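If you check Swiss-Prot, you get these features:
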type	residues	note
REGION	1-96	region 'Disordered'
COMPBIAS	1-11	compositional bias 'Basic and acidic residues'
TRANSMEM	192-212	transmembrane segment
TRANSMEM	216-236	transmembrane segment
TRANSMEM	257-277	transmembrane segment
TRANSMEM	288-308	transmembrane segment
TRANSMEM	450-470	transmembrane segment
TRANSMEM	486-506	transmembrane segment
TRANSMEM	524-544	transmembrane segment
TRANSMEM	550-570	transmembrane segment
TRANSMEM	588-608	transmembrane segment
TRANSMEM	613-633	transmembrane segment
REGION	651-673	region 'Disordered'
Amino acid sequence: MDELPSHEPKNRYSRSSSIGSPADARYAPPSPLHEPSDASQIAIAMGGVRQRSASIRKHRRQQPSQVFIPPMHENVTAPRDEHEPKMSSPVPETDEKPLLQTSAAGATLLIGIQILSKLASFGLNQMLLLVATPALFGANAQLEFVLNTVLFFSREAVRLALQRLTLAGKKPDVYVFGGGVVQDTVSGTSQAVINMGYISVLLGVFFSSVAAASHSLFSVAYASWAVQLVCIAAMVDLASEPYYVLAMQQLRFRSRAAAEAVAILVRCVVTFSFTLLAKDTDGGLNGGVLAFAFGQLAYSLISSAVYIYTVRQDNRDRQFSFRPQKIQPFESQMEMSDNNRDVITHNASPYYLDKPTVRLAGSIWIQTVFKHCLTEGDRILVSYFLPLYDQGVYAIVLNYGSLVARIVFFPIEEGLRTFFSNLLGEKPSETALKLSRQVLCSVVRIYTYVALFAAGFGPTTLPFIFGTLLGARGGQWSEGAPSRSAPAVMGAFALYIPFMALNGALESFVQSVATPADLRRQAVALGVFSVVFATVGGLLMKTMDLGARGLVFANIVNMTLRIGWSVVFIYHYYVSHKAENVNPTHLLPGKLVIATGVTTILASLFGVGRVSSFRDVGINIGLALALAAAIAVEERQALVQLVQLVRKKEDKVKVDDKEEKEKESDKSEGESE
């Protein structure tokens with residue numbers, strides 16, 4: 001065995017960088033306080049240096065793996081050796097910021113990306129309206145359903161489960177394992193997230209193969225090619241999933257923003273280019289279905305490449321691996337080595353996947369099956385009950401109508417899920433419960449304002465605006481009964497937006513704190529709601545001949561049921577934690593706002609404010625400003641408190657949690673004595 005170089009004891013925090021080669025010891029442990037008398041003794045204790053002698057290797061396999069813990073003292077800052085490589089912590093740069101402020105900043109960044117995304121989609125739709133038909137939009141909607149199904153079944157459950165696996169309170173990387181990383185350290189937790197990300201990759205291969213075999217979804221030429229291209233795009237997208245989940249764990253929203261911003265623009269250019277090439281072939285329908293497939297493939301290639309590059313750049317100095325790697329459990333006994341260093345001897349076997357997280361992901365996956373049937377159930381019903389024309393009408397209304405929902409509400413939902421997952425652990429403190437209640441009440445109350453605007457002005461204003469956007473080709477979107485036209489469906493969709501927004505906010509709380517048993521109960525409830533949704537949708541679309549409008553009303557019924565279930569769950573959650581519950585009066589607007597809003601809604605129902613010209617639009621804008629003024633006057637104090645809450649500079653939650661943990665530790669020590 002080669003002689004190991006000696007090390008002068010610099011300080012208690014210095015890391016040895018010269019013991020063995022990089023191949024021999026992936027991560028060098030901290031240097032000891034006192035120089036040992038025997039170099040071979042260091043090699044035996046390390047467990048990370050590869051022995052050249054076969055007899056020694058045989059002997060080493062009988063030794064348990066070991067983790068070194070250097071003595072730690074508070075308020076000691078060690079100077080860095082100028083020859084020592086600089087180590088950057090994989091802990092996200094936002095750890096020192098308050099959790100609420102970080103979540104709000106991330107949500108703001110995602111809102112910016114959604115604005116860019118929807119502006120690009122808006123421009124693309126406007127260009128496609130010049131060359132595409134409602135039937136082409138209907139065919140592309142079915143391709144989008146295939147893509148969303150593969151991605152949802154492959155990654156949604158894993159993503160939601162991994163949001164519980166945060167870096168808060170994890171041990172620093174002074175714990176070193178010769179064969180990899182250690183459980184409950186920063187690097188060990190990051191490695192667990194990366195390992196779980198590869199489950200999505202494997203699931204994506206399976207579901208993509210199943211979807212590719214089901215290419216006879218609609219009787220259009222090139223349908224088989226289009227479906228197979230979409231499935232390839234899904235697998236390419238999922239190839240970067242380990243990098244995505246790591247970026248979200250580290251709260252690196254900029255990586256996601258960069259990936260989506262570039263990919264969205266490329267997708268729009270590719271989709272429109274292929275649509276132009278196919279416009280002269282059978283009205284553009286047969287060749288046009290390939291445009292969406294090629295556009296999505298370009299999106300997946302760009303987004304995956306950007307994710308991989310940015311996440312690797314952010315984690316250049318790391319102790320974990322981007323490939324699946326074993327994690328050493330931290331279930332052990334303390335021993336004292338000959339050189340007075342604390343050594344943890346591990347008898348448990350290393351693992352790749354965290355079992356509680358896997359079980360949670362399994363429970364969530366069952367629940368997401370029902371959730372997907374409800375979320376995408378409208379596409380299933382519209383493809384079963386309605387022709388391609390009505391499918392196209394619903395698709396274009398969904399693209400335009402969901403602009404506000406996806407620009408504003410979806411990023412808020414993502415931010416709330418991240419916030420609640422980090423704030424409310426297994427044993428949340430009283431301060432954490434109070435803060436979560438304040439944030440939830442504020443969001444729900446704001447959404448009631450949105451509901452007033454949507455119900456008061458949406459049905460009267462949006463049909464005219466949408467008809468204007470359709471332009472000269474608007475006639476082909478108004479065939480048949482007026483109630484089945486695209487503008488009429490858009491007016492109904494305005495009523496659906498606040499239900500969708502409120503449900504997203506409440507379910508983000510449920511998904512952040514629910515146990516596997518809670519998720520199973522939710523899955524059963526969603527199964528019942530899906531039956532109700534399908535029954536009501538079929539009745540309204542087919543029996544009452546409402547077309548796509550019937551589907552919108554069925555969605556409102558569905559969202560109402562889901563909101564009711566979430567409200568009951570949240571009530572019992574706070575009761576079970578013996579915390580002050582949500583006061584219903586805190587969720588309702590003031591009397592002045594309610595009076596103004598009800599007056600506006602009644603006027604809309606009786607035809608007052610019906611828009612047929614831009615002059616009428618101006619009148620409605622004036623009424624909307626009056627409602628906004630009433631909100632500002634009535635809710636000025638609540639709005640100021642919300643702004644102060646978001647801009648809070650000190651994370652009192654972390655301080656209180658630390659104090660409670662110290663009290664529990666003192667209590668347990670007293671009981672042991």
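Placement of Cβ uses the backbone N, Cα and C atoms for every residue, glycine included.
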Ranked first among 192-212, 257-277, 450-470, 524-544 for CB pairs under 8 angstroms with the transmembrane segment (486-506):
450-470
Which residues of the chain, 6 or more past the ends of the transmembrane segment (524-544), have a CB below 8 A from one of its CBs?
367, 370-371, 373-374, 377-378, 381-382, 385-386, 550-551, 553-555, 557-558, 561-562, 565
Recorded stretch that, among 257-277, 288-308, 450-470, 550-570, has the most CB pairs under 8 Å to the transmembrane segment (613-633):
450-470
